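*Asks:* Sharing a structure with you now.
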Amino acid sequence: MKFFLDTANVEKIKEFNALGLVDGVTTNPSLIKKEGRDFYEVIKEICSIVDGPVSAEVIALDSEGMVKEARELVKLAENVVVKIPMTKEGMKAVNILSKEGIKTNVTLIFSANQALLAAKAGASYVSPFVGRLDDVGQDGMFLISEVMQVFGAYGIETEVIVASVRHPIHVLESAKMGADIATIPFDVLDKLFNHPLTDNGIAKFLSDWEAHMNR
């Protein structure tokens, strides 16, 4: 499974990229707003750091506006993927862009039907939001299992990005279900490193070594 970093924080991207853990990056207007920098400047810098896909989201709500923005975004770098919302206008834009060879990531997916529609429209990626479904009392990971089942049954090549990841269990369950990608906030990715028995083991090794050296 590929790991995308869900952030626009350039320093965090550099940190995890240096570990060989970043296969791509997803951003959205809210994440870029947190950085307090120019939208295009941030996307361009991220694309220069990461070799893999970098998702940048359009702001327009009409298909014509989305297509216009998308064509500008892909001029920034070869690895830009255009993020499009799951709406009728969005799917119209995806269909146009796919015919132009522009890769798209359809975001705000909350049902398998929506994922299927996006794939049929020509999306390169779909992003089901698991954490937000959990927030309203639904099982976010069940959606992933449904999407993987449908895509597998028909050999659909659109890749599934598990989004709105809130904790390490989301990542593990995504991997067990065979999801192509999990896009992970850096604080959640940090938690994947941790286990109390690892810490205890390191402490024991150091203690034993110090005791040995002090004999």
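Even glycines carry a Cβ here, placed using N, Cα and C.
When I checked Swiss-Prot for this same protein, it listed these features:
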ACT_SITE  LYS83  active site, schiff-base intermediate with substrate
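In the displayed structure, how are the listed features positioned relative to their neighbours?
*Replies:* Under the three-state DSSP scheme, LYS83 (active site, schiff-base intermediate with substrate) falls in the strand class. Around LYS83 (active site, schiff-base intermediate with substrate), the same-chain residues at least 6 positions away in sequence with a Cβ under 8 Å from its Cβ are THR26, THR27, ASN28, SER55, ALA56, GLU57, VAL58, THR104, ASN105, VAL106, THR107, SER127.
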